[in-house]
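A.B. asks: Got these off TrEMBL a minute ago, pasting:
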type: DOMAIN; residues: 134-479; note: domain 'Peptidase M50'
type: TRANSMEM; residues: 6-24; note: transmembrane segment
type: TRANSMEM; residues: 72-95; note: transmembrane segment
type: TRANSMEM; residues: 132-149; note: transmembrane segment
type: TRANSMEM; residues: 161-180; note: transmembrane segment
type: TRANSMEM; residues: 200-222; note: transmembrane segment
type: TRANSMEM; residues: 472-496; note: transmembrane segment
Amino acid sequence: MIPVSLLVFVMAGWCAVYLADTLLRSSVTHRISYESWLASRGLMLSPFHLRWQTTMFNRLFAYCARINPRALYLWFNSGLMFGIVAMVGSVVLLIKTLQQTFAQMTTDNPRIGGQQALQVVVPGVNLPTSQLAYFFIALLLSGIIHELGHAVAALREQVRVNGFGMFVFVVYPGAFVDLFTTHLNLISPAQQLRIFCAGVWHNFVLCVAALAFLFLLPLFLFPMYSTGGGALVTEVVQGSAADGPRGLSVGDIVTGLEDCPVRGVEDWTSCLSHLSHTPQTGYCVPVASLQPSWAHGRAYKRLDGTMDCCSNNSLTDLCFSYIKPQGRHSREREYACMPVRKMVTGTRVCRSDDDCASHSHAASVCVTPSLENQTRFIRVTHPPNTHMLFVGYPPHLQYAVSLTNFIPRFGFLHLDLPVFLETFCKYVVSLSGALAVVNSVPCFALDGQWMLNALLEATLVTVVTDRQKRELIGFFLLLAGSALLAANVALGLWMVTAR
C-alpha cells in the first residue's frame with residue numbers, strides 16, 4: 001500500500017502551494033508583481049501541476065542541429081524507420097499485454113503475472129518507496145532526452161523552437177518542447193515524421209546506451225571493484241531468517257549454497273531456484289557418530305505426511321533420516337534428532353550412501369534432514385565465518401538478503417556505489433524503453449497521434465485523395481489505439497491496487 005505519510009505530505013505540499021498562489025493572485029498589492037515574477041521566470045501554476053519554460057537552451061539545440069548535416073540526416077531517417085516499426089510493435093505489445101492481464105484475472109497462477117511485458121507502476125504499491133529517487137530521476141532523464149530529440153530534429157527541418165521546459169504533475173516529472181506550429185504545418189509529411197519520431201528514437205537509443213553501460217559496468221569499475229569472487233551482502237532485512245549472530249552481515253561474501261558455487265548474484269538466484277526444485281541434499285556422517293543418545297528419537301508424522309522426531313521447541317536440533325547400516329537391502333529408514341551444526345559442519349554433501357563410501361575411508365552414512373514439503377535445509381558459505389544454516393522456503397532467503405557482484409578492492413570504497421549505478425541503469429532501461437513504447441502508440445495527445453497523421457499523409461495521399469477521408473481513417477485508428485491503451489492502464493491499475 002501507498003504509505004499514508006507520503007500521501008499526506010504530497011497532498012499537504014500541493015495544497016500549501018495552491019493556497020499561497022491563490023492568496024497572492026487575489027492580493028491587490030502583490031498580484032501584479034507576483035504575476036510578473038512568474039512570467040519573467042517562465043513559471044505556470046495550476047492545481048497539482050507546476051510548469052517551467054525557458055529559451056536558454058535554444059542555442060544549444062541549434063548548435064546540435066548543425067553538427068555534421070549528413071550524419072544527422074541518416075540519424076533522423078533511422079529514427080523515422082524506427083518510429084514506424086515501433087508504432088506497429090507497440091500495438092502488438094499492448095494487445096499481448098491485455099491478453100496476459102485477462103489471463104491473470106482468470107487464474108490463480110502467480111507466474112502468469114510475472115510474464116507481463118508492460119506493467120503499470122504505482123509508487124508505494126509495486127514500486128518500493130526506497131527507490132522513488134531512482135524512478136523519478138530516470139523518468140526525468142528519459143523525458144529530457146526525448147524532448148531533446150524533438151528539438152534538434154525540428155531545428156534541422158527549419159522549424160522554430162519556442163522554448164524548452166519541465167513540469168511536475170502531482171509527483172511525476174516530465175519535459176516538453178514548444179514548437180512553432182505554423183512552420184510545422186508548412187513542411188512535408190516526411191519531415192514531420194522525422195520530427196515526431198525523434199523522441200521515441202532517442203528513448204530507444206538511451207535504453208540501448210544504458211544497457212551497454214550496465215553490461216560493461218564490471219569493466220568500468222575493474223580498477224576499484226572485482227567480480228566473480230562471490231556475492232557481496234549489501235543489506236539484510238532485520239528480523240528475517242538471514243539476520244542474527246550466526247546469520248549474514250553487510251560486507252559478507254557468499255561463495256556457496258550447499259554444493260552449488262556462488263560467483264555472483266546470478267549464481268545466488270539460480271542456486272536457490274535449483275535447491276527449491278530438487279530433493280533435499282544429504283550429508284555424509286560417520287556411522288560411529290550416530291550415538292544412541294542422538295539416534296533413538298521417536299518419529300511421528302506431520303500433517304503433510306513428512307516425518308519429524310525433534311521437539312518443536314528445539315532451536316539447535318534437527319530431525320535426520322537415513323537407511324539403517326545393517327539393513328540397507330531392506331531400505332528401512334531410521335530417524336534421529338541430532339545437533340544440526342555439529343552434524344553438518346565440515347561434512348560432504350551426498351544423495352545416497354554410495355556417495356559417502358566413495359569419498360571416505362571410515363564407514364559413513366548419508367543422512368538427510370527430514371523437513372516439511374518445499375522446506376529446505378541450506379548451508380550458506382561465507383568465509384571466513386562458519387556456515388549460516390537456513391531452514392525454510394528458499395525464496396524467503398532470497399528476499400531477506402540484497403547482494404551485489406562487485407567486491408571493493410580497497411577498504412575505503414563504498415559498498416553501495418555499484419548498486420546505485422546498477423539500479424539507476426536498470427530504471428533508465430525500463431522507463432526509457434517504456435516511454436518509447438507508450439509514445440509510439442497511435443493515441444490522442446501522444447507522439448503516436450502526430451506520427452500516424454503524418455504517416456497517413458505521406459502514404460495515402462495517392463490512394464485516398466480526399467483529405468477529410470484520410471482524417472476520418474486516422475481518427476478511427478487513433479480511437480482504437482486510445483481505447484487499447486486506456487484498457488491496459490485501467491486493468492493494470494486494477495491488478496496492481498485491487499488484488
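Even glycines carry a Cβ here, placed using N, Cα and C.
What TrEMBL says about a protein is an automatic prediction, not a curated fact.
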A.B. asks: Can you say which of 132-149, 161-180, 200-222, 472-496 has the most Cβ pairs under 8 Å with the transmembrane segment (72-95)?
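C.D. replies: Out of the listed stretches, 200-222 contacts the transmembrane segment (72-95) most.
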A.B. asks: At least three Cβ pairs under 8 Å linking the transmembrane segment (161-180) and the transmembrane segment (132-149), pairs spaced 6 or more in sequence?
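C.D. replies: Between the transmembrane segment (132-149) and the transmembrane segment (161-180), which are separate recorded stretches, there is contact, as judged by 3 or more close Cβ pairs.
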A.B. asks: Any idea what the model's mean pLDDT is for the domain 'Peptidase M50' (134-479)?
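C.D. replies: Summarising the domain 'Peptidase M50' (134-479) by its mean pLDDT gives 90.
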A.B. asks: So if I exclude everything within five residues of the ends of the transmembrane segment (132-149), which remaining residues of that chain have a CB under 8 angstroms from its CBs? That is, six or more out.
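C.D. replies: For the transmembrane segment (132-149), the nonlocal Cβ contacts are 61, 64, 79, 121, 123, 164, 166, 171-177, 198-203, 205-206, 423-424, 427-428, 430-432, 435, 439.
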